[in-house]
Amino acid sequence: MFSSCFTFCFSFHFCFLALEIVVKYKKATFYHKKMIHFGKKSCFLELLNLNKFSHSCSDLLFLEALISFLFVSIHREAEVFKEQGNAYYVKKDYAEAFNFYTKAIDLCPKNVSYYGNRAATLMMLSRYREALEDSQQAVRLDDTFMKGHMREGKCHLLLGNAMAASRCFQKVLELEPDNSQAQQELKNAESILEFERLAEISFEKRDFRMVVFCMDRALEPASACHRFKVLKAECLALLGRYPEAQSVASDILRMDSTNGDALYVRGLCLYYEDCIDKAVQFFVQALRMAPDHEKARLACRNAKSLKAKKEDGNKAFKDGSFEQAYELYSEALTIDPNNIKTNAKLYCNRATVGSKLNKLEQAIEDCTKAIKLDETYIKAYLRRAQCYMDTEQYEEAVRDYEKVYQTEKTKEHKNLLKNAQLELKKSKRKDYYKVLGVDKNATEDEIKKAYRKRALMHHPDRHSGASAEVQKEEEKKFKEVGEAFTVLSDPKKKSRYDSGHDLEDDDMNMGLSPSHFQDLLISLSVNTV
């Protein structure tokens, strides 16, 4: 038909105009798209409006033939691109397959199969959002396109949109009731919805381990869902598993550097690792990307407040304002119970202040809380050990110093352990200072006076009218008082006793009878008159 019309209408002027039309169609996509979107009739009328053709029958027949020829030519070229795309897809060269399918779509933007093929290619490239758009366009053009609905549902599922995925798979089952793949994917969508529900309940209960478990299960069919990954990362951070949380957040940011949720999680990890300045930078960046991000705003506020309170407490301590420092550290501890590392340091700082204020039992309790939050916190063990020493709880002190020395074998820690062990050994002997009721730094005169007072208190003659049991007990105490005085009144014996030697091994006090101590008391009484 084209050749007959061309022969019939042939003239130099008409050929020139025909050539102009062909050039326009080959060079500009405007007419290509116009033909595809609006059809041959629209293009036919468009060209008539150019006023370069007469409206004679021959001219109109030629124009219609020319448009039909171009239509066929465009579709043929698009099919060639599609076949080339198919060949690259088979070779798993998905990037090239994508390019050729795109060329085919540019020529024929209403062809359903081209969108379907490009969607499949995009899925292989893990570009699921773009694949979703192509799948949706395909089913808009043909609502009975079963593969389009299936791909749309699969993209929704991979992106974590379980409700939307369910609707797509139900549509597939309407078109093909026995489709086993759609049935299985529908079950996957339902399981995701259930894991989401359990995760939400668990998060409210602060059962972060369960949330991580639920998100791991949900991510099996929804591997591209950033929302699930962020929730998992947040809970890992709240569990103190910072490297894992950082890894998940970093993976998301590599794909989407503007993801506010991932930026928030990165900041949260730094915040919980006591890198507050860096954490604030990430929170601020997250708020730039997502100004309504409430969690980032709250975390940023907490981080700044916590840093300010801690610094104020440190300044008060350095200035010697211990009561004020104690209050500031206490206020800081109420800001964020989830910040484990910072709170461990705050408890230890408060314990240091408490020991300065002679609140030794409270200081021990604070150190214990710090260690519970961070079992590797050496400074808390050292502080608690010193408090145990100050309260003469030597066994506990030795235990803490052993823990420290096992972790850090330094000369200083070795000496601290040895000193605690010595004090523990000394504590298991008779405490002659306690027997006499004097301080370890008592003078010779104070020791003599104390001995005379205690010896008179427990002298056997004073209890001659008591029961045999009482007499025996008082005689024992009288002997202990004499032993204590014998040791503490002799500089050499006192020095050996204070250094931890077992005096019983030297037979210094063995075999002495109560009569010996009576003579000693009489002698001392004479000397002091």
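Backbone N, Cα and C define each Cβ position, glycine as well.
If you look up TrEMBL, you'll see 431-501 marked as domain 'J'. Taken from TrEMBL, the feature repeat 'TPR' covers 78-111, 146-179, 260-293, 306-339, 344-377, 378-411. Summarising the annotation, TrEMBL assigns signal peptide to 1-17.
Nonlocal intrachain contacts for the repeat 'TPR' (378-411), taken as residues 6+ away from its ends with a CB within less than 8 angstroms of a stretch CB, comprise 344, 347-348, 351-352, 355, 360-361, 363-364, 367-368, 370-371, 417, 420-421, 423-424, 427. The repeat 'TPR' (306-339) scores a mean pLDDT of 94 in the predicted structure.
Helix first, then strand, then coil: DSSP counts for the repeat 'TPR' (378-411) stand at 28 helix, 0 strand, 6 coil.
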